[in-house]
């Protein structure tokens with residue numbers, strides 16, 4: 001446990017004590033991506049990525065917090081963030097298998113990363129691959145919104161789809177792939193140069 005605490009403190013630039021001190025506890029209580037943290041940009045081990053440029057996605061269910069049309073729009077916009085700087089294209093499917101399956105759930109939801117209620121882990125997504133690979137799960141205990149209040153679905157989805165494409169977390173606090181949720185600012189393009197550098201390392205320029 002001490003080793004894991006030290007790794008987290010080092011990742012976030014905290015004093016490395018190995019103890020759950022006030023700064024560490026404050027960080028743990030913030031809304032964040034559900035993947036554990038282990039720079040500038042980083043990729044998953046083995047640098048998994050999709051071997052094709054046209055990817056499909058499917059929404060298995062939706063959140064009651066938003067109208068389905070708003071959910072679809074947020075997801076489409078989140079994918080467009082990544083397609084704007086790469087050759088990747090994303091096509092929505094209404095049925096059958098898709099490369100990236102998107103769902104909402106609470107607590108244990110049939111994978112190895114259970115959600116922890118509101119205000120903690122807001123979502124997680126898996127690196128490219130088979131089975132769960134690429135899939136994105138959103139915590140239904142959060143209050144999902146299309147505004148600056150609550151948890152902005154577009155902003156979180158854009159982060160999680162970075163994982164679906166092969167990016168891990170960034171140490172750059174300005175990067176979209178930084179693991180701690182920041183208040184959504186609609187006036188700012190969500191990708192930082194660090195995010196662009198990372199995704200283009202995997203897939204090339206648009």
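From the backbone N, Cα and C atoms, a Cβ is placed for every residue, glycine too.
Annotated features in TrEMBL:
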{"type": "ACT_SITE", "residues": "160", "note": "active site"}
{"type": "BINDING", "residues": "33, 159, 163, 169, 177", "note": "Zn(2+) 2 binding site"}
{"type": "BINDING", "residues": "65, 142", "note": "Ca(2+) 1 binding site"}
{"type": "BINDING", "residues": "99, 133, 135", "note": "Ca(2+) 2 binding site"}
{"type": "BINDING", "residues": "109, 111, 124, 137", "note": "Zn(2+) 1 binding site"}
{"type": "BINDING", "residues": "116, 117, 142", "note": "Ca(2+) 3 binding site"}
{"type": "DOMAIN", "residues": "46-205", "note": "domain 'Peptidase metallopeptidase'"}
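A map of TrEMBL features onto the structure.
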residue : record                : contacts (Cβ under 8 Å, 6+ apart)
99      : Ca(2+) 2 binding site : 50, 55, 56, 57, 134
111     : Zn(2+) 1 binding site : 132, 137
117     : Ca(2+) 3 binding site : 106, 107, 141
135     : Ca(2+) 2 binding site : 100, 101, 102, 103, 125, 126, 164
Binding-site residues: 124, 163, 169 - member with fewest neighbouring CB atoms within 10 Å: 124
10 Å Cα neighbourhood of residue 163 (Zn(2+) 2 binding site): matching binding-site residues from 65, 109, 116, 124, 142: 124
Where residue 163 (Zn(2+) 2 binding site) sits in the secondary structure, as DSSP reduces it to three classes: helix
Of the binding-site residues listed as 116, 133, 177, the one whose CA lies nearest the CA of residue 65 (Ca(2+) 1 binding site): 116
Most crowded position, judged by CB atoms within 10 A, among 109, 137, 159 as binding-site residues: 159
Of 116, 142 (the binding-site residues), the residue whose Cβ has the fewest other Cβ atoms within 10 Å: 116
Protein Cβ atoms within 10 Å of residue 177 (Zn(2+) 2 binding site), excluding its own: 25
Recorded positions compared (65, 160) - highest count of Cβ atoms within 10 Å: 160
CB contacts for residue 133 (Ca(2+) 2 binding site) [other CB atoms within 10 A, all chains]: 16
